[in-house]
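Feature annotations, reproduced from TrEMBL:
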DOMAIN    1-138  domain 'Nucleoside diphosphate kinase-like'
BINDING   LYS9, PHE57, ARG85, THR91, ARG102, ASN112  ATP binding site
ACT_SITE  HIS115  active site, pros-phosphohistidine intermediate
Amino acid sequence: MERTFIAIKPDGVQRQIIGEIIRRFESKGFTLVGLKIMQVSRELAEQHYAVHKERPFFPGLVNFIISAPLVAMVWEGEGVIASARKLIGATNPLTAEPGTIRGDFGVSVGRNLIHGSDAPETAAEEIKLWFKDEELVSWQPASTPWLYE
Ligand code: DAT
Ligand code: MG
């Protein structure tokens, strides 16, 4: 089973759509294996977005990520990495399709509510960056036989 790192950014927390976002992942059939609300340090935010450190939006992005609490999660399921990106929608909420999280709840790229790992390598790196092994739970929901043949 694949795992991916998902974060509800400070705007999603402040707009009180944590439950709505978790509901979408649960309803789809993915399994929550890690969850915490946290005040992110500047160091962690910079590490997480290190790939963007030369971009003009980087300082604003880091300040935004540490501006208020964030919800860090790990979700599990077959194909969850790519599927989560589809549930999340395009980076710019204005062009994200309706039905996606960004398409339904956002209007600007700097406040796009949610992060999801973009590939197996980044998912593994991000899970390791944000969670200790003992913070992740391996379990099988009772619905599993009704989701997979
Ligand atoms: P994604 O979050 O869809 O993977 P990304 O990795 O290209 O997008 O960028 C990371 C985050 O940086 C993105 O969620 C929001 C912010 N960002 C990207 N492009 C931006 C821009 N042109 N202006 C402001 N913020 C931007
Ligand atoms: Mg990205």
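Placed from the backbone N, Cα and C atoms, the Cβ positions cover glycine too.
Here the structure is a predicted model, which means the values were calculated and not measured.
A Cβ distance below 6 Å to any atom of ligand 1 is met, among the binding-site residues LYS9, PHE57, ARG85, ARG102, ASN112, by PHE57, ASN112. Counting only same-chain residues at least 6 apart in sequence, those with a Cβ under 8 Å from the Cβ of HIS115 (active site, pros-phosphohistidine intermediate) are PHE5, ILE6, ALA7, LYS9. In this entry, ATP is bound by LYS9, PHE57, ARG85, THR91, ARG102, ASN112, whose most widely separated C-alpha atoms sit 21 angstrom apart.
Its own atom aside, the Cβ of ARG102 (ATP binding site) has 23 Cβ atoms within 10 angstroms in the protein chains shown.
Burial estimate for the binding-site residues (THR91, ASN112): highest at ASN112, by number of other CB atoms within 10 Å.
The Cβ neighbour count for ARG85 (ATP binding site), using a 10 Å radius over every protein chain in view, is 16. Residues within less than 8 Å, Cβ to Cβ, of PHE57 (ATP binding site) and separated from it by at least 6 positions along the same chain comprise GLY110.
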